[in-house]
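Residues annotated as active site, proton donor in TrEMBL: Tyr54. The feature substrate binding site is assigned by TrEMBL to His114. TrEMBL lists 20-274 with the feature domain 'NADP-dependent oxidoreductase'. Residues annotated as site 'Lowers pKa of active site Tyr' in TrEMBL: Lys83.
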Amino acid sequence: MKATEVDFTLNDGNKIPAVGLGTAFPRENQDLVTDCIITALKSGIRHIDTAWYYGSEPMIGVALQKAFTEGIVKREDIFITTKVWPGRHDDALGSLNDSLEFLQLDYVDLFLQHWPLCFIKDTFTVDERFDPLDTWKEIIEIKKTTKKVKSIGVSNYSIRSLERLFKETDVIPAVNQVELHPRLPQLELVEFCRDHGILMEAFSPLGSGGAPLLKIPLVNELAEKYKATATDILISFHVCKGTVVLPRTQNLERLKQGWEFVKISNEDLAKLNEYGIANHYRYIAAEFGINLGFPDWNDSVDYHTGV
Ligand SMILES: NC(=O)c1ccc[n+]([C@@H]2O[C@H](COP(=O)([O-])OP(=O)(O)OC[C@H]3O[C@@H](n4cnc5c(N)ncnc54)[C@H](OP(=O)(O)O)[C@@H]3O)[C@@H](O)[C@H]2O)c1
């Protein structure tokens with residue numbers, strides 16, 4: 001069975017395919033995006049994770065139109081996620097409208113706050129005059145007042161950020177998309193989200209550019225044991241735990257091959273978690289100068305509290 005055939009259910013009742021294609025493609029490779037998306041859809045990938053910030057939405061839109069026109073897939077059979085970037089923290093609706101126009105869609109299946117941060121427009125500089133929770137409040141409003149999003153969620157929220165969100169708003173996000181893999185299992189955050197009905201989504205599941213996690217000896221031992229590829233193990237690691245996983249590839253052969261679902265035993269999942277605790281590494285750790293509340297990532301002062 002392909003891992004792309006597995007579905008999960010969100011806390012609002014909507015279904016989400018367990019594997020989504022990541023689309024944070026290198027800026028210099030954007031001309032390959034349309035081909036990648038068509039190939040992905042033809043090979044049974046039904047979930048695409050994109051963002052206004054990635055710059056790939058216009059090419060994804062062209063691919064989707066082609067796929068609909070040629071009868072490769074129907075709109076209702078695929079799941080599209082986009083996100084609002086911190087540089088547009090006070091304009092979630094404008095960002096969503098731009099994404100919909102680029103994607104040539106009337107709605108997205110999932111709309112996320114990309115980071116709990118507010119940047120000065122077109123920079124990576126945090127603007128502390130603004131509160132990132134206001135972006136989440138606007139996203140809630142969009143869900144309540146338009147038909148442009150089916151589900152809403154957050155990304156890069158720590159337990160601390162979520163606790164504040166619970167205290168100050170009345171909608172629990174459907175998902176929390178964070179970096180997760182065998183070198184960063186974030187077990188406490190995963191358990192916290194599960195206890196609150198928030199589905200986890202794993203970004204950078206291969207360790208991002210160059211897929212360094214494919215070299216982990218334990219992953220390769222398990223690949224041999226289960227007669228699978230190392231990539232299948234890294235993908236199934238999440239699917240077996242009930243976590244959505246978002247691998248990226250621009251390699252058309254890999255897209256055609258897809259990912260096999262491997263039923264990894266609880267004992268082997270525990271070994272992968274233990275490996276992560278002993279060999280901790282966070283690949284996506286930009287220096288924002290802001291402490292987001294992740295215990296392993298103490299970047300300067302706390303946002304708003306100044307601690
Ligand atoms: N919410 C957030 O803040 C956030 C942050 C980061 C990422 N994301 C999302 O998560 C997605 C995935 O994360 P990511 O883009 O950082 O990277 P990733 O999926 O962890 O890794 C991508 C890299 O793995 C390589 N790769 C894929 N399959 C391979 C295989 N079978 N053998 C060898 N190499 C392989 C790709 O190269 P090829 O193209 O050559 O295959 C690419 O260099 C993103 O695209 C994005 O959608 C979200």
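Glycine too: its Cβ is placed from the backbone N, Cα and C atoms.
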C-alpha spacing of Lys83 (site 'Lowers pKa of active site Tyr') relative to His114 (substrate binding site), in angstrom: 5
Tyr54 (active site, proton donor) CB neighbourhood, other CB atoms within 10 A: 21
Cβ packing number for Lys83 (site 'Lowers pKa of active site Tyr'), 10 Å threshold: 27
Three-state secondary structure, which DSSP defines for the residue listed as 'substrate binding site': coil
Rounded to the nearest Å - Cα separation of the residue listed as 'active site, proton donor' and Lys83 (site 'Lowers pKa of active site Tyr'): 10
His114 (substrate binding site) CB neighbourhood, other CB atoms within 10 A: 23
Averaged pLDDT, computed only over the residues in the domain 'NADP-dependent oxidoreductase' (20-274): 97
